[in-house]
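Listed features, source TrEMBL:
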| type | residues | note |
| --- | --- | --- |
| REGION | 1-40 | region 'Disordered' |
| COMPBIAS | 10-40 | compositional bias 'Low complexity' |
| DOMAIN | 48-108 | domain 'Glycosyl transferase family 3 N-terminal' |
| DOMAIN | 121-286 | domain 'Glycosyl transferase family 3' |
| BINDING | 127, 130-131, 135, 137-140, 155-163, 167 | 5-phospho-alpha-D-ribose 1-diphosphate binding site |
| BINDING | 127, 158 | anthranilate 1 binding site |
| BINDING | 139, 272 | Mg(2+) 1 binding site |
| BINDING | 213 | anthranilate 2 binding site |
| BINDING | 271, 272 | Mg(2+) 2 binding site |
| REGION | 286-338 | region 'Disordered' |
| COMPBIAS | 300-316 | compositional bias 'Low complexity' |
| DOMAIN | 314-407 | domain 'Glycosyl transferase family 3' |
| COMPBIAS | 321-330 | compositional bias 'Basic and acidic residues' |
């Protein structure tokens, strides 16, 4: 990712800090968005924006926020949307640019009423998809195991895009009502400690990009917004990223908004902490855990990103990102055949999930326990210790959650709570 040395074009949509993990929708409105959700007039324009991208100039978070306001508000044409996301992809997205898009997307999202304590303690596990490996739903199973270990989980996802079964598909097959409104999600959290935010319910404004994305048929910035736009704004996340170039960008976005977590990419191209080979892990330490800004790579240092002056300086003082090499063999995990993790449709993947929760051993269980242990590291807060040591320390906790039946019980409570929430609100629910 490169940028020119020229200054970005001045606009009235000035860059501002990315929202923190604990901020509520009312506390972090998108620049230029009115209380009614509309967009105020600005000095920005699509020709200026796209011309700068074609020239290789990185945009401020404020400028991408303006673009997203136009898109989410239904004010952008399909050609403008396509031109913008293709030019952005060709240049190479930066953390500031993605942060502006995510901030605005969250500003348009349906809000959840959660305590700040719950938000800070909650975790989401997900992947960007796009690795074309069609594995079983590892991050979804890991979320259930983490819930069994006593962690508050708010998963955000959708139906399959590039695989045969997305998180929503397999959860529906497991008996979860996936399309609950905010009140239903809140009820599930209260009753079961785990819930699911179905992207189409919480991000209705994304309907404005559906046709364009389908017609383009290529990966764009929209493919990584979902994992970063959980409406619950959990304090911890684990995100698998298939695109090697974007993985550190995603880590920087998390760091800039104060989220703690792990971002990883398998060296086999999986958007997972793979057991088949080594992985690269980006460790994101929360503000109260990060040492001084001189240690590690600071947020926004991705090549081509634009400094956010005072706002970026504040982020650098409170967060850092470091990358590490991870080898599952260091934990005693033998690499399986690459086909061992392959999934199929939702019914098949759900049957695999049930088998794992029953205690069935094998390569899938190993991969799920590894992912769950990484999730527990994110929840407790990554430290300066080698990430392999931190994950190894949590493997026993993840294993106990499965072998004791706690993870299976968490799934049962969740299914019952989601069905009760749907009934209480007169919803048929998607199961």
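Each Cβ is built from the backbone N, Cα and C atoms, and glycine gets one as well.
Small disclaimer: the values here were computed from a predicted structure and weren't measured.
Residue 159 (5-phospho-alpha-D-ribose 1-diphosphate binding site) and the residue listed as 'anthranilate 2 binding site' have their C-alpha atoms 15 Å apart, to the nearest angstrom. Mapped onto three states, the DSSP output places the residue listed as 'anthranilate 2 binding site' in helix.
The binding-site residues examined here are 135, 158; by Cβ neighbour count within 10 Å, the least packed of them is 158.
Considering only the binding-site residues 158, 213, 272, residue 135 (5-phospho-alpha-D-ribose 1-diphosphate binding site) has 272 as its nearest partner by CA-CA distance. Comparing residue 139 (5-phospho-alpha-D-ribose 1-diphosphate binding site) with residue 272 (Mg(2+) 1 binding site), their Cα atoms are 8 Å apart once rounded. Here the domain 'Glycosyl transferase family 3' (314-407) has, by DSSP, the following mix of helix, strand and coil residues: 62 helix, 8 strand, 24 coil. In the domain 'Glycosyl transferase family 3 N-terminal' (48-108), helix, strand and coil residues by DSSP number 46 helix, 0 strand, 15 coil.
The two recorded residues residue 271 (Mg(2+) 2 binding site) and residue 127 (5-phospho-alpha-D-ribose 1-diphosphate binding site) have their Cα atoms spaced 6 Å from each other. Listed in sequence order, the binding-site residues near residue 272 (Mg(2+) 1 binding site) (C-alpha within 10 Å of its C-alpha) are 127, out of 127, 156, 158, 213.
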